[in-house]
Amino acid sequence: MALPVYYDKDIDLGVIQSLQVGIIGYGAQGEAQALNLRDSKVKVRIGLYQGSLSVPKAKAEGFEVLEVKELVQQSDLIMALLPDELHKEVLEKEVIPFLKEGQIVGFAHGFSVHFNQVVLPKGVGAILVAPKGPGSALREEYLKNRGLYHLIAIEQESSKNNAKAVALSYAKAMGGGRMGVLETSFKEECESDLFGEQAVLCGGLEAIIRMGFETLIKAGYPEELAYFECVHEVKLVADLLHYKGVEGLRKHISNTAEFGAIKNREPMGNLLEKRMQKILKKIQNGSFAKDFLLEKSLNYPRLNTERKALKETKIEQIGEILRAPFNHKK
């Protein structure tokens with residue numbers, strides 16, 4: 001691997017166990033991280049605003065809940081596990097004014113720091129600890145004595161605590177050292193994560209799926225078959241890729257499927273490459289971040305419109321019917 005990678009044997013869990021951790025937010029990541037930390041014998045409190053719907057849940061799970069500014073004053077490490085677009089507002093009002101030299105502020109994504117939405121005072125550490133998976137998977141893997149890959153990065157050193165040692169120890173407490181903790185930078189994590197979401201995992205994949213579905217529908221094929229071939233079977237392929245890689249996927253599909261993929265890969269790739277380069281450029285030069293923060297300031301008009309429109313599409317309507325048996329089994 002090109003990146004430095006650390007495992008449990010390389011990391012001192014005692015570093016994070018000696019500190020008081022405060023987690024701001026109790027969504028999927030906040031809950032999973034807090035539970036994993038507590039099970040790793042780490043002292044952790046939760047910071048939420050008065051009236052937050054998450055307060056009863058956090059208290060029911062045995063955590064002490066404080067207002068954010070109180071949490072900051074009583075913590076050595078403060079983890080900001082909030083949506084990216086809320087970091088500037090919350091940290092400028094409730095966190096930064098109460099920070100002291102030697103404390104560390106942690107993030108699960110580099111967006112707000114890399115794009116200068118959050119600038120921490122000198123002497124306050126800035127670390128990134130990013131589990132490569134959703135909160136549900138982070139918790140499930142920990143309970144199975146396994147873990148997810150984690151990324152760490154150091155943007156600013158603390159005047160009191162070694163920021164890298166704290167980041168590594170935090171990742172170990174969440175189970176990351178069981179799989180591997182890779183060291184990167186805020187810039188690399190942020191830009192590659194945004195690119196992956198936009199060009200492949202969310203934007204690119206959804207675009208190809210919906211385009212494939214609509215192509216078959218317009219050609220007169222039944223909606224059910226279009227859904228099976230363009231949506232339903234994506235999981236089968238994704239699982240093969242996840243566990244066996246591209247070569248392993250090739251070995252598990254038919255010769256017909258493999259030949260068809262190879263034959264059409266180049267023309268499709270040529271079309272996608274230029275678009276992907278444009279996507280990456282807009283991420284790198286900050287124009288995507290600017291557009292996203294403007295969307296937030298206007299109360300998400302485009303997101304709300306798109307979400308409403310998606311419910312009315314054929315792909316969602318037939319999908320809801322075909323997914324019903326799977327959801328019923330849960």
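Glycine is treated like the rest: Cβ placed from N, Cα and C.
In Swiss-Prot, the NADP(+) site is described by Y26, G27, A28, Q29, S52, S54, and among G123, G125, G133, G135 the residue recorded at this site is G135. Comparing Cα positions, E233 (Mg(2+) 2 binding site) lies closest to G135 out of the recorded positions Y26, G27, H109, G135.
Counting every protein chain shown, the number of other Cβ atoms lying within 10 Å of the Cβ of D193 (Mg(2+) 2 binding site) is 18. In this model, the domain 'KARI N-terminal Rossmann' (3-184) carries an average pLDDT of 97.
Cα-Cα distance from S54 (NADP(+) binding site) to H109 (active site): 21 Å (rounded to the nearest whole number).
It is S254, among the binding-site residues S52, S54, S254, whose Cβ has the fewest other Cβ atoms within 10 Å in the structure shown. Among the binding-site residues listed here, namely S52, G135, D193, E197, D193 has its C-alpha nearest to that of H109 (active site). For E229 (Mg(2+) 2 binding site), applying a Cβ distance below 8 Å and a minimum sequence separation of six or more within one chain yields G212, L216.
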